[in-house]
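Since the structure comes first, as structure tokens, the remarks are kept for the end.
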Amino acid sequence: MANVLDTLMERGYIKQFTHEAETRELLEKEKVTFYIGFDPTADSLHVGHFIAMMFMAHMQKAGHRPIALIGGGTATIGDPSGKTDMRKMMTNETIAHNVACIKKQMEKFIDFSDDKAILVNNADWLLNQNYVEFLREVGVHFSVNRMLSAECFKQRLERGLSFLEFNYMLMQGYDFYVLNKKYNCKMELGGDDQWSNMIAGVELVRKKSQESAYAMTCTLLTNSEGQKMGKTVNGALWLDPEKTSPYEFYQYWRNVNDADVEKCLKLLTFIPMDEVRRLSSLEGSQINEAKKVLAFEVTKLVHGEEEATKAKQAAEALFGKGGDMSNVPTYEMGKDKLGSELLDILVEAEIVPSKAEGKRLVKQGGLSLNGEKVADFKKTLEEADFENGEVLIKRGKKNYNKIVLA
């Protein structure tokens, strides 16, 4: 069996190992069951999750078996890693809804047929867990002094860390123990911000089960300046087309900085590395061809080839190269809204997230109506603004929406 580790390292996925040499040997000699956890804090995955699913997909293509663990139980607490404040607690009904939505999305990326992958929810073993038994069985293996030295807790101690959140590491470690017992799961993969929690899981399995256990972390998706990628003017870049349209999704990748093209091609597509190197070596205006390939390939993986083609055609239409403008995200407005302030309509249509953000765009000259910059915050939308029953809104340099009269 070819060692997938070489592929993952060449493409820049791997950040840290618990046992690099043993991990390499294990992946060479057997089909390994591994897991990645996803907390259902929203009803859709976003781009930050997508890189984890690509990690899983590369492993699955190499013959290994993924377990996608949905944290229906741990979500009732909330992961303190990388957070400055305690997360708002969600109701069980909200968590159940989010779990159902995420399951449906995952099945687009990972092959769950014929036991090639497994989908589990840690609510199945955490929610009915006897607390005293849990402390005796799991808590005895954790040192409070060592836990407090973990990066995920150190960042929170000054602002206040609840005992509720302090339990998160034990629960995530217990997940690995349960999966090891039930499915012979030997490895956890996760984002680099999960390193402390993952080490705890590896050590729990090794101490309690006397079994080999390993962890690898995946690099986080950041740009050349070290900032997390996947944010738009409307918030996170979601994988749900109802939250982020395929066109807006396509345009995000079409407009990445030149310095980020190679990293994104490596991490977010299956394009062979020779072609990645060729595309990344393009200079000047030619790098735009690489960005088009990136945008199409990522959109195809997330939304399918048909939606990727529509998004590409819409972009070409808007930039004067022909194509079908019907694929530009469209909002239908009733005639009773004529005379309303443009910014109010844009907020209602979710074209801008808030009126304050709309005002900021206007102030910076970043909002246009039918090609004309909007200069007045209080500009109203009148019937005369509509050409053939529609107006074209432009946000920033390359984000377009249509408003049509219903």
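Positions of Cβ are set from backbone N, Cα and C atoms, glycine also.
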83-87, 228-232, 363-367 - the range that Swiss-Prot marks as motif ''KMSKS' region': 228-232
Segment assigned the feature motif ''HIGH' region' in Swiss-Prot (from 40-49, 70-79, 370-379): 40-49
Most crowded position, judged by CB atoms within 10 A, among Tyr35, Tyr168 as binding-site residues: Tyr35
Recorded L-tyrosine binding residues, Tyr35, Tyr168, Gln172 - maximal Cα separation rounded to whole Å: 17
Secondary-structure category, per DSSP, in which Lys231 (ATP binding site) falls: strand
Cβ-based isolation winner (fewest other Cβ atoms within 10 Å) among the binding-site residues Gln172, Lys231: Lys231
